[in-house]
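Lifted from TrEMBL, the feature list:
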type     : residues : note
TRANSMEM : 7-26     : transmembrane segment
TRANSMEM : 32-52    : transmembrane segment
DOMAIN   : 204-231  : domain 'PLD phosphodiesterase'
ACT_SITE : His209   : active site
ACT_SITE : Lys211   : active site
ACT_SITE : Asp216   : active site
DOMAIN   : 381-408  : domain 'PLD phosphodiesterase'
ACT_SITE : His386   : active site
ACT_SITE : Lys388   : active site
ACT_SITE : Asp393   : active site
Amino acid sequence: MLFVTLIVVYILVSLVLVIGILINGVRPAKTLAWLLAIFTIPVGGILFYLLLGRNRRKNKLFPLQNDFLKEINFDDTPPEDSRLDIEGKTTELIKRTSDYPLTQRNRVTILNNGQETFESIFSALEMATGHIHIQYYIFEEGQLASRLLEVFRTKVQEGVEVRLLYDGIGSYSLSKSYIRALKNTGVEVHQFLPFRFGRFLSSLNYRNHRKIIIVDGEIGFTGGINISDKYLRGEDVEGNWRDTHLRIDGEAAFLLDTVFAVDWYLASGNKVIIKKQPKDIQVSSGNNLVQIVPSGPDDDFATMEQVYLSIINNAKQSVFIYNPYIIPNYAMLQSLKTAALSGLDVRLIMSESTDIKLVDWCVRAYFESYLKAGIKLYLYPKGFMHSKVVIIDDNLVSVGTANLDDRSLHQNYEVNALVYDKRICQQMKEQFLVDCEKSIRLNYEEYKQRGWPTRILEGTAKLMSPLL
């Protein structure tokens, strides 16, 4: 009797979930994938969906975000110049979907590895006089964390306000003793969507993948680099994480501070008071045009996905991409293939292997499609290539936290910086070409010869790709 009751309950729960998936499903491929999982994996499919499948586009953050942005006063409107050719469409897209404006008084510095990045970060932290805001997906204890603790202690004693926000899942290894040391030092610390049993199902699927540091609202850092000693092992060393970050001195740093302030409010319930305006920021030199692009599950338009599609579709000469997790949906795959088939120089650099085996197979499931369309595919053999960079023609660079997969573009909280500047673009392209030389280029004719077991694994993984 108990067995029959359990079967009936299972069927009823399955029907309720199936109806919900059909009603709320926006992307057919993902809808079909979840239905397939529920029908073919008894119990496991339901649990998997409850953990990772539900979406919550409820606009919880955007009213608050708009309130912050209304308080910002930009003196000048960026001029219509050659830097905003096709990119002008993208700036308008971002303004309409996220309300984040284009800024023009910025000095951008490219940081191509962990050593460069943390040297610049600690230099900036030493200069802080008002506040330090730090937000990371992964914050690991080690040499970097210990050094940060000492810097925080000094700065708090000088009267600087220090706030640290970390993701509850990405930074799961952060010990209570380290957090206690931070708080005893005077640092305000909060978790973003912490791991709690009562909120487990509703929060696990939505992680804050952003990496942000802001000093006094004038100096900002963002990109792919987390707080981890993995970045200190040196380039071309096995086990090293190769990544790209930006330092932004100027108005765009103020907008990164706004992104932090919104997330801080969501995590703590406390509003960070904006004490200055962009017009008060002193930039000794630099007129780089920069636009900050936040996106997340509360974003009605999946802004970062729209931006990636827009800049790829509007490219005229070349599309160069670093990304460790390229698991494209249909629209993204078609955009990349169309660009290559139209004669553009389309190149992808990714790691020879990722840090997750299932993801490895999902990523590789698309290799033949890329190569057949004429996309040049490079595998970085030494260390883990973790950069999230898109370089379009000679005018535009996107650096940030967003990967090219559905989870990053639809369910994680992400942030990218778009830089419209020929000099910055040229610097990034030069580094990209150096990394191409260091990498293994795949050949289409040779890749087609892989065995059937590999093809079957790739095909099976591709069925799962909309869910990852």
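From the backbone N, Cα and C atoms, a Cβ is placed for every residue, glycine too.
Feature annotations (TrEMBL) mapped to structure.
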{"residue": "His209", "record": "active site", "DSSP (3 states)": "coil"}
{"residue": "Asp216", "record": "active site", "DSSP (3 states)": "coil"}
{"residue": "His386", "record": "active site", "DSSP (3 states)": "coil"}
{"residue": "Asp393", "record": "active site", "DSSP (3 states)": "coil"}
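Candidate active-site residues: His209, His386, Lys388, Asp393. Nearest to Asp216 (active site) by Cα distance: His209. Across the domain 'PLD phosphodiesterase' (381-408), the prediction's mean pLDDT works out to 94. Separation of the C-alpha atoms of His209 (active site) and His386 (active site): 13 Å, rounded to the nearest whole number.
If you take the Cα of Lys388 (active site) and the Cα of Lys211 (active site), they are about 12 angstrom apart, rounded to a whole number. In the shown protein chains, 25 other C-beta atoms lie within 10 A of the C-beta of His209 (active site).
It is 26 Å from the Cα atom of Lys211 (active site) to that of Asp393 (active site). The C-beta environment of Asp393 (active site), restricted to residues of the same chain at least 6 apart in sequence and closer than 8 Å, consists of Ala315, Lys316, Gln317, Ser318, Cys425. Around the Cβ of His386 (active site), a 10 Å sphere holds 27 further Cβ atoms from the protein chains shown.
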